[in-house]
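Some features that TrEMBL has for this protein:
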type: BINDING; residues: LEU16, GLY17, CYS18, GLY19, VAL20, VAL21, GLY22, THR23; note: NADP(+) binding site
type: BINDING; residues: LYS110; note: NADPH binding site
type: BINDING; residues: GLU195; note: L-homoserine binding site
type: ACT_SITE; residues: LYS210; note: active site, proton donor
type: DOMAIN; residues: 359-439; note: domain 'ACT'
Amino acid sequence: MVPSPDTHPPLRVAVLGCGVVGTEVVRRLVTDGDELAARVGARLELVGIGVRDADVERDPVVDRALLTTDATSLVEKADVVVEVMGGIEPARTLLLHAVAHGAGVVTANKALLAQDGPTLYAAADAAGVDLYYEAAVAGAIPIVRPVREQLAGDTVQRVLGIVNGTTNYVLDTMTTQGLGLDEVVAEAQRLGYAEADPTADVEGYDAAAKAAILASLAFHTRVGLDDVDRTGITGLSADDVAWAARTGHVLKLLAVAERATGQDGTAGVLVRVQPVLVTADHPLASVRGAFNAVFVEAEAAGELMFYGRGAGGAPTSSAVLGDLVQVARHRVLGGKGPVESSYAALPVLPAGDARSRYQVRLEVADRPGVLAAVAGALADQGVSVEAVRQTTALDADGRPVATLVITTHTATERAVRATVDVVDALDAVHRVVQVLPVL
Ligand SMILES: NC(=O)C1=CN([C@@H]2O[C@H](COP(=O)(O)OP(=O)(O)OC[C@H]3O[C@@H](n4cnc5c(N)ncnc54)[C@H](O)[C@@H]3O)[C@@H](O)[C@H]2O)C=CC1
Ligand SMILES: N[C@@H](CC=O)C(=O)O
Ligand code: NA
């Protein structure tokens, strides 16, 4: 029999956190109630909203009578708990409490999942309830469920892309408007893209959490935040942005998770987040503002690209509501979402095993023989040169300073770092300005 909201008792939904995302989740539950009920086969009854302070001014769509500071009691009376408060505690304890009480859970909390996902999975599995988290990676873009469910029959080789809206917005605005990093981060906060502490965005922790989640799902292997080699965007200057454009690239913070073979032949995975010089005609170069884009390369499927809004209240609420409908359908029709799949248990390889082309930018003395010395140092380390470009400008004291931009052929990060140390020690090299992978 087709389930109907007229015959099925309503499902009690608790929302924890009423900030940027929580407010939009509540809005959809209120304004789209009839549609959602028809899709689920039961009404989704919002039974309470857990907040820190019930007295602060809120969007009028939020019914103040539903606000409570007693989140523990709230989750005890829910069939489905939606956690959009963020942070590790009390989110973790509340989700475990919800699961122990038999509630299905939906969360947007990538920080918690990357730190303690296996505990949540185990608890949900033991209780026989759902744990869904589409909003935790790349906001509105369906990427968690495609990798976790639809690609479960394929072998994913690599996942690569832009998974943090704030840093993409910041780098994009620095490039197009020449603004400084701090100024643009403040705007990203105002627009609801940034984390409560935007350090998580600009230092790459948020992207690293998402990379860990995607890698765990793609490779059926546990990958935690500490397994991700992470570099944020705070080390990038306006000069780096300008040089990127001058050499035909766009600077992007990329997350890369891939199967790889280590120095000793071990098959494993490599997971990293780092600023990358993306060649201007690559599709990722045209991902603007807070948009995200993720490529998935799988053995049978080939290359798939996922693109859309990676941050912001309304887009993220779409992913949360999609999960909520799925969990609710399971309550009505029976069935359950996937459990953790970590059977492959592949080792996480050291970052030095990562292979890429690199751009090395040096300031060198403007005299004959310098290029030969630098090229010799690279060759000694087995790093071959694809292209070299030299420009000369006068420094503050009127002395000529040459900038050497070297693009290498594909090499391991280990070899490139070793080479850079040798090059840095050369008399003719004033300083190594920047070393960045090239895509
Ligand atoms: N803003 C975005 O674009 C996206 C956010 N997310 C995730 O969604 C979650 C929520 O993010 P936002 O809504 O942007 O954050 P937010 O800071 O705007 O909202 C969080 C709300 O939870 C409340 N809260 C915190 N601790 C609480 C507690 N102990 N009890 C009751 N309420 C508490 C805060 O007072 C705040 O109102 C985070 O995990 C974030 O990483 C995921 C995807 C996109
Ligand atoms: N702060 C995050 C929000 C979405 O996950 C971002 O900027 O991407
Ligand atoms: Na998503």
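Start at 1 and count along the chain as shown; that gives each residue its number.
Placement of Cβ uses the backbone N, Cα and C atoms for every residue, glycine included.
Keep in mind it's a predicted model, so treat the numbers as computed, not measured.
Projection of TrEMBL feature records onto the structure.
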{"residue": "LEU16", "record": "NADP(+) binding site", "Cβ contacts under 8 Å, 6 or more apart": "GLY22, ILE49, GLY50, ALA71, LEU74, VAL75, VAL81, VAL82, GLU83, VAL84, MET85, ALA91, LEU94"}
{"residue": "CYS18", "record": "NADP(+) binding site", "Cβ contacts under 8 Å, 6 or more apart": "VAL26, ILE49, GLY50, VAL51, ARG58, VAL62, LEU67"}
{"residue": "GLY19", "record": "NADP(+) binding site", "Cβ contacts under 8 Å, 6 or more apart": "VAL84, MET85, GLY86, ALA196"}
{"residue": "VAL20", "record": "NADP(+) binding site", "Cβ contacts under 8 Å, 6 or more apart": "GLY192, GLY312, GLY313, THR316"}
{"residue": "VAL21", "record": "NADP(+) binding site", "Cβ contacts under 8 Å, 6 or more apart": "VAL84, ALA108, ALA135, GLY313, THR316, SER317, VAL320"}
{"residue": "THR23", "record": "NADP(+) binding site", "Cβ contacts under 8 Å, 6 or more apart": "ARG58, ASP59, VAL61, VAL62, GLY313"}
{"residue": "LYS110", "record": "NADPH binding site", "Cβ contacts under 8 Å, 6 or more apart": "TYR133, ALA136, VAL137, ASP206, ALA209, LYS210, ILE213"}
{"residue": "GLU195", "record": "L-homoserine binding site", "Cβ contacts under 8 Å, 6 or more apart": "GLY86, THR166, ASP201, ASP206"}
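DSSP classifies the residue listed as 'NADPH binding site' as helix under the three-state reduction. Less than 6 Å separates the Cβ from ligand 2 in the case of GLU195, drawn from the recorded positions VAL21, GLY22, THR23, GLU195, LYS210 in sequence order. Other residues of the same chain near the NADP(+) site, with their Cβ within 8 Å of the Cβ centroid of LEU16, GLY17, CYS18, GLY19, VAL20, VAL21, GLY22, THR23, are VAL15, GLU24, VAL25, VAL26, VAL84, MET85, GLY313.
All chains included, 30 other C-beta atoms sit within 10 angstroms of the C-beta of LYS210 (active site, proton donor).
LEU16 (NADP(+) binding site) falls within a strand when secondary structure is assigned with DSSP. Along the domain 'ACT' (359-439), the predicted structure has mean pLDDT 91. Least packed by the Cβ count within 10 Å, out of the binding-site residues GLY17, GLY22, is GLY17.
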